[in-house]
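Copied over from Swiss-Prot:
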type    : residues              : note
BINDING : 19-26, 81-85, 136-139 : GTP binding site
BINDING : T26                   : Mg(2+) binding site
DOMAIN  : 10-206                : domain 'tr-type G'
REGION  : 19-26                 : region 'G1'
REGION  : 60-64                 : region 'G2'
REGION  : 81-84                 : region 'G3'
REGION  : 136-139               : region 'G4'
Amino acid sequence: MAKSKFERVKPHINVGTIGHVDHGKTTLTAAITTILTRKFGGEAKSYAQIDSAPEERARGITINTSHVEYETDKRHYAHVDCPGHADYVKNMITGAAQMDGAILVVSAADGPMPQTREHILLARQVGVPYIIVFMNKADMVDDAELLELVEMEIRELLSKYDFPGDDTPIIIGSALKALEGDKGDIGEAAILKLAEVLDSYIPEPQRAIDGAFIMPVEDVFSISGRGTVVTGRVERGIVKVGDEIEIVGLRPTIKTTCTGVEMFRKLLDQGQAGDNVGILLRGTKREEVERGQVLAKPGSILPHTKFSAEIYVLSKEEGGRHTPFFAGYRPQFYFRTTDVTGSIELPAGVEMVMPGDNISVNVNLIAPIAMSDGLRFAIREGGRTVGAGVVAKVIE
């Protein structure tokens, strides 16, 4: 049989399972692929296949992640599942697996547990926009009142971290029963209900090309008779010849105009998200632009020096620090294409941060960087990665 071409006719959405250890995230992932494959085609994955997650690297950090995909009536989903808690923390902070929505798995028998809370907090900090709840192991609970109680607890916990607890869809089921072929309400029916909710509750994300133009500066050249060319990969949006552009970060913002876009030595009318381009700037001197700045649509992004962040500190085994760090620690923060020194403020009551920890901190940079909430960065010491982080909230 000839191999069928991957036809992307359906919109593509990225999701993942989160929740406490042993609440059934991987079993649910296996159940979703198994049941949706029967209905919409694709490839089913067993628990064992998903559980043996391969290693991948993101921002110098090794993470174990399983990727599966499945189809529903309306969409194509890419779904990530991690074997261990530390992998979730690293995955969410590095943005290795960007999620348009998360499926929070909570055991109906246990209710919310410490990692349930931590994953909800992480989802809030790193900007996962939507959470759907799958209350698993419902076959182990006979008491309807107990199910209601667990549901209330979950809703309260979501609201506490600024998710719409009262309106969050909660599906009650048993992933194991569904995998075993149970056609009842908590078996296959619950999985199909979950698929419907994924389709209806998570809106289609904005495509990168539809956003405001931004391009991190990688290199700057001066071409005699033509002016200054800035090269880089367009992160978001479209830039056209004649567009006004701001150069943001590291020094006061300046305005300029794009007078040419070239790619592979050919002149284009425009460059768009994903393209590696050279952008010719009118009247801008070579020394006015440097690596680490961004070219952006005027007013769409501002330079900042102070922000709160969620960070993960590499353990010694991962090639990170061997010793803890304390308040006032001054590493380099690597944003997009450059390092900027900054100091870390720890939360009240926290004396030190150990290798392998994740924590919320405030950061003060010595030079401004173009940023908005959700921007990822690496933490480095002399060019060596010792941590990863994400901007939770810009302060000033």
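Glycine too: its Cβ is placed from the backbone N, Cα and C atoms.
Cα-Cα distance from G19 (GTP binding site) to T26 (Mg(2+) binding site): 10 Å (rounded to the nearest whole number). Same-chain neighbours of the region 'G3' (81-84): 16-17, 21, 25-26, 29, 50-51, 53, 63-66, 68, 91, counting only residues six or more beyond its ends whose CB sits under 8 Å from a CB of the stretch. Same-chain neighbours of the region 'G4' (136-139): 23-24, 27-28, 105-109, 147, 172-177, 186, 190, counting only residues six or more beyond its ends whose CB sits under 8 Å from a CB of the stretch.
C82 (GTP binding site) falls within neither a helix nor a strand when secondary structure is assigned with DSSP, and so counts as coil. Remark: K25 (GTP binding site) has T17, I18, G19, D81, V105 as non-local neighbours, by Cβ distance under 8 Å and separation of at least 6 in sequence. Within 10 Å of the Cα of T26 (Mg(2+) binding site), the following binding-site residues from the list C82, H85, A138 place their own Cα: C82.
The number of other Cβ atoms within 10 Å of the Cβ belonging to D22 (GTP binding site), over all protein chains shown, comes to 13.
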